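Single-structure report; data block below.
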């Protein structure tokens, strides 16, 4: 007498029955949530548990999970058997935390009897709110009043976002824009939204709003200035030009300073102050320097009376003593201190000339 099946065993048997009927006699076919191939939309960071079931065969099946080709550890796994070895099956559960980098989940089965593999796949469609990667504007002078503005925004979103351009006063300027899907392999979910419009005022602050089923994101553009529309000078060019101007100014200032210093040196000239070397307390000797007339002078202890010609013999009446404070004169030619040429000799000083003058009796040179 056979024992009645329990309710739990009956329920699992009914779940495995569609897989057993679809797989055919002697073939094992895993299914994920009742389907061999499916696509599942998940929001980013959402947790979802997938269940892989297999039915049929005479041996115990082996199930394994692969996420983007990487082997994963199952959350739970359970084997079923009904009526001994005549009917067997199993289930395995794996929980996924959705990330935008995830693409495909596979449940792989290795049939112990035939050795042939079988797979069930789920394509993961991870959705997230829009992200504005870059926003900008290009301004051009329009034929009419105002500015011709080309607005562009790089938006990354899944599903694709609807982009709206709004001005500072609130009303919608443009509610639709042309968009271009970029390289989907290198830049997934990235689109370029571009719109062209004409502004009548320069004081506009524009903003872009991107929306999809997951969320809303906005970004603002600076007000287009008049200088930005007419002058576009790279920052590097400004820095280089400033450096060149500063270097030129410093070089010119240095050149002017050098010229001024040279001119002052030429104006002053070399020092002409003579250096006197005292060889004796009564005798003075000039260095080999030619003195200008205004700097030449007689010895400090020389008096003009000593050089006055006295043909009547006054010079002989005033003998010169060795202890006198005045310097001794060289012996004059016969006839007095003056020579026949009109000058006298002083020790080691050369000649002193006497010439006639209009303003005075005589001038000593």
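We count from 1, first residue shown onward.
Glycine is treated like the rest: Cβ placed from N, Cα and C.
Under the heading domain 'Ig-like', Swiss-Prot lists 30-123. The N-linked glycosylation site annotation in Swiss-Prot covers 106, 162, 192, 205. The feature signal peptide is assigned by Swiss-Prot to 1-26. Residues annotated as topological domain 'Cytoplasmic' in Swiss-Prot, with sequence analysis given as evidence: 254-365. As annotated by Swiss-Prot, transmembrane segment applies to 233-253.
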Which whole-number value in Å describes the distance between the Cα atoms of residue 162 (N-linked glycosylation site) and residue 192 (N-linked glycosylation site)?
-> 12
DSSP output for residue 205 (N-linked glycosylation site) maps to coil
Sparsest-packed among the glycosylation sites, when each Cβ's other Cβ atoms within 10 Å are tallied, from 106, 162, 192, 205 = 205
Take the C-alpha atoms of residue 205 (N-linked glycosylation site) and residue 192 (N-linked glycosylation site) and report the distance between them in angstrom, rounded.
-> 21
To the nearest whole angstrom, what is the C-alpha distance linking residue 106 (N-linked glycosylation site) and residue 192 (N-linked glycosylation site)?
-> 33
